[in-house]
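Undergrad: Feature list, courtesy of TrEMBL:
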type: TRANSMEM; residues: 28-50; note: transmembrane segment
type: DOMAIN; residues: 43-291; note: domain 'G-protein coupled receptors family 1 profile'
type: TRANSMEM; residues: 62-80; note: transmembrane segment
type: TRANSMEM; residues: 100-121; note: transmembrane segment
type: TRANSMEM; residues: 142-165; note: transmembrane segment
type: TRANSMEM; residues: 201-227; note: transmembrane segment
type: TRANSMEM; residues: 239-262; note: transmembrane segment
type: TRANSMEM; residues: 274-293; note: transmembrane segment
Amino acid sequence: EAQDARNHTLLTEFVLSGFSSSSELQHLLFFTICLAYSMTLIGNLLICMVTVHPTLHTPMYFFLRVLSFLDISTASVVVPKMLVNLLSSDRSISYLGCVIQLYCVVFLAATEWYLLAAMAYDRYVAVCHPLRYSTTMSSRACLSLVLLSCCSGKVVSVVQTAWVFTLPLCGPRRINYFFCDIPPLILLSCTDTVPYERQLISATVLVIFTPFCLVVLSYACIISSILKISSAESRHKTFSTCSSHLTIVTMYCASGTLIYLQPKSSNLQDAKKILALIYTTVIPTLNPLIYSLRNKEVKEVLIRVM
């Protein structure tokens, strides 16, 4: 116990192992991820710029602008450090840096999940109760939903980060991951983590499945209303607007569930790294493409701005 305590006090930094020790693969990953990160920044910044246009002052575009900001933040918390590690032999990260990175990742992920549920509610009101839409989804209501999402994300992040770093992390200090996340940090603990794993699964259900169930319920009502529309063109337009959001929700749910439902499974670490890369790099790149390329109003304003 004294040795464990001494190891815990001496653990002042971690080493992120990343993806591979092959220099050729690392260079390929560097250019690929660098390109994806550039596309994430450019695409989401364009969305932020375009959606402030006077013709796009609606709740849907307000939520889309916040979602783009969260995507930029998520990628920026993870990707720059990962790119440096791909070209450097020193892959260390300080204890405090790891705490901050984990806090930011969990906060942004949880906030984004609650925001996606708010966006589904917005689509539900727009399709199922169009006459009450302007009063129900007022500017004050939209801002309240965003603040509620941020507050919920902050609570989840504080609790999860505090619980992870109160565990006795006895080493080794090498994290088999490319950023500080909950599952690889649990593997460094020298104590029984079963109670914490159960708590993490409960938190996953609360953060992922509760918003997902609200999204599914909203879209069940939306599809029911769409089927009642007599015009085939109107049905297609309405469904096309909603399908973009549903695509993003499905991608987030699939990757997040597979990462966090088996937190201490060392056999799945490589698969989890790929899923985490999709979650932090690929999906933020796809968000602007999915939302803008299938939206005529956004494309028209984008062309005008360019």
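Using the three backbone atoms N, Cα and C, a Cβ is placed for every residue, glycine included.
Any TrEMBL annotation is an automated prediction that lacks curation.
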Undergrad: Sort out for me which stretch, of 62-80, 100-121, 142-165, 274-293, has the most Cβ pairs below 8 angstroms to the transmembrane segment (28-50).
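TA: Top-ranked stretch among 62-80, 100-121, 142-165, 274-293: 274-293.
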Undergrad: Quick test of the contact rule: Cβ under 8 Å, at least six residues beyond the ends. What residues does that give for the transmembrane segment (62-80)?
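TA: Distant contacts of the transmembrane segment (62-80): 33, 37, 40-41, 44-45, 47-48, 51-52, 101, 104-105, 108-109, 111-112, 115-116, 118-119, 122, 139, 142, 145-146, 178-179, 280-281, 283-284, 287-288, 291.
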Undergrad: Do any residues of this chain, six or more beyond the ends of the transmembrane segment (274-293), have a C-beta under 8 angstroms from a C-beta of it, and if so which?
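TA: Here the qualifying positions are 33, 36-37, 39-40, 43-44, 46-47, 50, 64, 67-68, 71-72, 74-75, 78-79, 105, 109, 177-179, 181, 244, 247-248, 251-252, 255-256, 258-259, 299, 302.
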Undergrad: How does the model score the domain 'G-protein coupled receptors family 1 profile' (43-291) in terms of mean pLDDT?
TA: 84
Undergrad: Which bits of the chain, at least 6 residues beyond where the transmembrane segment (142-165) starts or stops, bring a Cβ under 8 A of a Cβ in it?
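TA: For the transmembrane segment (142-165), the sequence-distant neighbours (Cβ-Cβ under 8 Å, at least 6 residues beyond its ends) are 59, 62-63, 66, 99, 102-104, 106-115, 118, 121-122, 182, 185-186, 196, 199-200, 203, 206-207.
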Undergrad: Which bits of the chain, at least 6 residues beyond where the transmembrane segment (239-262) starts or stops, bring a Cβ under 8 A of a Cβ in it?
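TA: Result: 109, 112-113, 116, 119-120, 123, 127, 181-183, 200-201, 204, 208-209, 212, 215, 219, 222-223, 226, 268, 271-272, 275-276, 278-279, 283, 286-287, 290-291, 294-295.
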